[in-house]
Amino acid sequence: MNIKNLRRLYNIIHTFLRYGIDEVIPDIPLTRGIRCGRKSLFWVKNQYPNEPFGVRLRLALQELGPVWIKLGQMLSTRRDLFEPELADQLALLQDSVEAFDGKLARRLIEEALGDKLEKWFDDFDETALASASIAQVHIAKFNQNQPLAGKEVVLKVLRPEIERVIKDDLALMYRLASWIPRLNKEGRRLRPVEVVREYEKTLLDELDLRKEMVNAIRLRNNFENSEMLYVPEMYQEFCHKNVIVMERIYGIPVANIDELKANGTDMKLLAERGVQVFFTQVFRDSFFHADMHPGNIFVNPNHPENPQYIGIDCGIVGTLNQNDKRYLAESFVAFFNRDYRRVALMHVESGWTPADTDIDAFEEAFREVCEPIFAKPLSEISFGHVLLNLFTVARKFNMEVQPQLVLLQKTLLYIEGLGRQVYPQLDLWQTAKPFLQDWLNEQVGFKAMWRDLKQRAPQFREHFAEFPEAMFQALQQQKQINFRLNEINQSLKAQRNNTGFSRLMILGIAIAGTFWKFEMLPLWVSVPLLVIEFRILIWCMSFSNNSYS
C-alpha cells in the first residue's frame, strides 16, 4: 500500500469515527488492541451522538464520495441483510455530484471519436444536462453531413480518472471488509467480502459504456413496436468504452404525478403497465433493466390515454435462467396458496440451500415469517417484500447469495413503489397472476414434454445408428453378469445356513450391473435391460428360497 492509499485509508477511518460508526465494534477482549489503537491514532469523537446510526452511516458515505455513495445505494437493496430503518436511510443517498468542466468533456469525447465534434455534431452544449458519480451527459444534434441531420442526441462521457479512483477505493473496501468478521459476530453473517465482490462487478461493468450500449440495444429489440415501453436508439458507430451517443428523448418523469395527471394520463393503466413491463422482461425475455429507479423512467406525453414508458440508462441489467424463473413462479404461486412446504422444497431443489436441510424446520420458518403477511388483502401484498421474506428465511438456512435474484428483488420493489405511487389501488396479484400462470403452463405438462422431445429429436436421431452396437455390448455384459450369478447361486447351495448373506450377494451383483449400465450406456439401452435384470433378480431370490426350503 503506497502513501496515497494510506492517506485515503486514514481519511476513510477518520470520517467513520467522526460519525460514530465505530460503535459497531463490540467491547470484547478480541478487539481490545483495535480500541486502544483507535484512541492512540485518532483523536476524534462522534460529532453526531444524537443522530440514529442509520442517519450517521448515510452522512458518512455521502461525505466519502461517489464510490461509497453507490455502495450505500446497493446495500439499501439488501434488506435481507439489514434492518428496515438502516436500509431506508441508505436508500436516501443521492448519486448526484458536481459536473466536471465542459471543455474537458469535449476533449474526452473528441479523443474517443478521433476528430473534432463539429465533424458530426452541431450545438454541443458544454453545460452538462445531468451529472452523476460515474459519468455526465451533454446534448447536441447531428449536423447536415449526417443521415439523421438535425436529430437531437445525448452524449454520455465517463468522468476523467474515475476508473483509477474506483479501483483504489475498491482495494480499500476489500481491506475494511476483511476486518469486519473479526470485529463483530454479526459481521460474519453479513459476508462483507462477498458484498464488496458483488458491488465490484456491478461497478466495473458501469465503467465500460459499451456494455450499456449492448444492453440498451437488446432491451430496445425486445420491446420493438411495443405500446408499453420505448428505449432510445443507440448510435453504435459513435459508441466507445468511455463515450456513447444516443437518441434524445422527451418525457414526463414518472415521479411527477401532478404533471402526469395534468396531461390526462390513464394512471391505472400506467401503473398496471409498469408491472406488465417488468414481468414481460423476466418471464418472456429472461433479461431485465435492473436500475429502474424514478430518475431512469419517463412517460411519453403523447397519447396519455394509452401511456408508454420510456426507459434510459441500461448500465445495470439482470439475466435469469430457467431454474431462476421456475423458482420465482412456483415460489410466488406456492406462497399465495400458503403452501410453505413447497416453498421450502423449491429452495432445496434449486440447489440454493444444502440438500440435507431440515425441510420441516424450513417449512415452519417460512410459515412464521410469511403467514402474518396475509393479514392484508391480497391486493395490498408486495411481491418485493414476499421475496425479501423468502430470502431472509433462506439465508438462515445457509442459502447461497443469488446476485441475479437480489437485483430482481430490488427492481421489483422499485416497480411496486412506483406503481402504487402512480395508482394507490394497484392490485399487484391480479396484474402479475396471468404472467405466472402462463409461464408455468408453458413449462410443465404435456406441452412442455412434447416441446422437449422435439428439441431432443436431433440428438436421438444422431445416436440411433449406435443402437445395434450398444445393444450387442450390453447383451454381452449381461451374459457375463448372468454367468456370474449362476456361479454364485451354485456356490450358495453349499451355504444354506447363511441365507441373509447369500441374498445380499445376489442383490449386490445385480445392482452393480444396473449402475454400470446407467453410467456406461445410453439411457434408451439401459432402461430395458434394467427390467430384464429385475426379473433375473426375482428369479434368483426365488431360486435361493427354494434351495433353502
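In case you wondered, yes, glycine gets a Cβ from its N, Cα and C as well.
Note that the structure is predicted; figures quoted are calculated from it, not measured.
These features come from Swiss-Prot:
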DOMAIN    123-504  domain 'Protein kinase'
BINDING   Leu129, Ala130, Ser131, Ala132, Ser133, Ile134, Ala135, Gln136, Val137, Lys156  ATP binding site
ACT_SITE  Asp291  active site, proton acceptor
TRANSMEM  505-525  transmembrane segment
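Positions of the features from Swiss-Prot, shown on the structure.
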residue: Leu129; record: ATP binding site; Cβ contacts under 8 Å, 6 or more apart: Gln136, Val137, His138, Ile139, Val154
residue: Ala135; record: ATP binding site; Cβ contacts under 8 Å, 6 or more apart: Lys156, Val157, Leu158, Arg159, Ile162, Leu209
residue: Asp291; record: active site, proton acceptor; Cβ contacts under 8 Å, 6 or more apart: Asp313, Cys314, Gly315, Ile316, Thr411
Of Ser131, Ser133, the binding-site residues given in the record, which has the fewest other CB atoms within 10 A of its CB?
Ser131
Over the domain 'Protein kinase' (123-504), work out the mean pLDDT and round it to an integer.
84
Have a look around Val137 (ATP binding site) and count the other CB atoms within 10 A of its CB, chains all included.
21
What other residues of the same chain, not counting Leu129, Ala130, Ser131, Ala132, Ser133, Ile134, Ala135, Gln136, Val137, Lys156, have a CB atom within 8 A of the CB centroid of the ATP site?
Ala99, Ala128, Val157, Arg159
Going by DSSP, give the three-state secondary structure for Ala135 (ATP binding site).
strand
